[in-house]
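Below is one structure, written out as structure tokens; comments come after it.
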Amino acid sequence: MSSAVETLPILLVPDPKLRAKARPVGGGDADAVRALAPRMLDAMYKAPGIGLAAPQVGELLRLIVVDLQPEDKPAPLVLVNPEILAASTELATREEGCLSLPGQYAEVTRPARVKLRYLDLEGAKREIEAEGLLATCLQHEVDHLNGVLFVDHLSALKRNMLLRKLAKDLKGRRD
Ligand SMILES: [Zn+2]
């Protein structure tokens, strides 16, 4: 079935909404969030990407979607008001990219394992323990809710190089 709903555009750096702190989802947001989550998943799959946070589509709400598509099958995770409860002292370094900084990649070091608490779309309290790529992805998306981008974990020199390259690439796209 085709949908009349347009794909949500993903905001790019330096959009100021990507630097704002998102507010918690409250009871009054339930309908909006239930409508927004599938549209975020749709935009993420089309990009394509493995994670997307609501501020990246201009909604300053604490909502993220993730899908690593294990075995090439969709396995969407929707996390409302996610909170990192615990992080391992052991660190892991992994190459990261971001749909809001298209074409830019860098190695980022973060805790190797994390435990999160969140609400699902029905409002039920849930917890998830993650390692590997999922741990990286969840931390990257929760960062977005606080206006933090993966480049903020790099040295100022590397960050500025990458942001300059992004600006140049985006200008090239427009010209
Ligand atoms: Zn991102």
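Heads up, the Cβ atoms here are built off N, Cα and C, so glycines get one too.
For reference, TrEMBL has these:
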- Cys98, His140, His144: Fe cation binding site (BINDING)
- Glu141: active site (ACT_SITE)
For this session: Calculate the distance in Å between the alpha carbons (Cα) of Cys98 (Fe cation binding site) and the residue listed as 'active site', and round it to a whole number.
Result: 10
Exercise. What three-state class does DSSP give Cys98 (Fe cation binding site)?
Worked result: coil
Exercise. For the recorded Fe cation site formed by Cys98, His140, His144, which further same-chain residues have Cβ atoms within 8 Å of the site's Cβ center?
Worked result: Gly51, Ala53, Gln56, Glu96, Leu99, Ser100, Glu141, Asp143, Leu149, Phe150
Seminar exercise, completed: Here the 10 Å Cβ neighbour count for His140 (Fe cation binding site) comes out at 24
Exercise. Which of the three DSSP-derived classes (helix, strand, coil) applies to His144 (Fe cation binding site)?
Worked result: helix
For this session: Ten-angstrom check, please: count other Cβ atoms within 10 Å of the Cβ of Cys98 (Fe cation binding site), all chains counted.
Result: 26
